[in-house]
């Protein structure tokens, strides 16, 4: 996870102090890219323990097109609690846009299903894209999409994914985002008969909140450990058919977790 740690170090040393929506304040840089070879291990941060259960359940929740936190709460995941209304609703956030992008004629587009179809029938297409950034729906979302837009790319039988993330909370959010999209790439590769390639992470406003700086320094003081492996149930051939028990993380030996407040 050297690319992630290099980003954190760079922002600590060269970031610009900025105000932000939450009123917390950040150190920020604009425009950064990291790359992770998914054949070299599963990119889950080892310099602190990450809660894989939350990552997996959130991704499955997105893929089901769900926008109510009930499923997450039932599975012990609280990462969306601060933004939900009294009924647990979040508005037309990620899952809605991924699975039910509204059309002008009143219909919807299932972007994930379309991506799978195109990967199977026209893998050289440069249009295998999923967007969560629906300008017309932003005002109805509890939180505008941070990881806004991703594209799949096939070369020599290997599937790569590039994510554009407009806003990147380096300490708390980015480790989740890396693992989530790496996992999605593994899943998409399996159901389309491809091998995993790279996950490319392109960041817009990459920032450390000022109340995360000491935690970031503590993390940078730790020696990275070998990356774990991620094994998927080979019997699953439908991207919407995965369940939590279909994922097995092996060899994960992280340093202890480091607590930090969430900026809401």
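From the backbone N, Cα and C atoms, a Cβ is placed for every residue, glycine too.
177 is the only one of 134, 177 that Swiss-Prot places in the dUMP site (with 21, 126, 127, 166, 167, 168, 169, 207, 208, 209).
Residue 207 (dUMP binding site) falls within a strand when secondary structure is assigned with DSSP.
Between the two most distant C-alpha atoms of the annotated (6R)-5,10-methylene-5,6,7,8-tetrahydrofolate binders (51, 169, 263) there are 18 Å. Across the fold, the C-alpha of residue 207 (dUMP binding site) and the C-alpha of residue 263 ((6R)-5,10-methylene-5,6,7,8-tetrahydrofolate binding site) stand 12 Å from each other. Looking at residue 167 (dUMP binding site) and residue 146 (active site, nucleophile), their Cα atoms lie 5 Å from each other.
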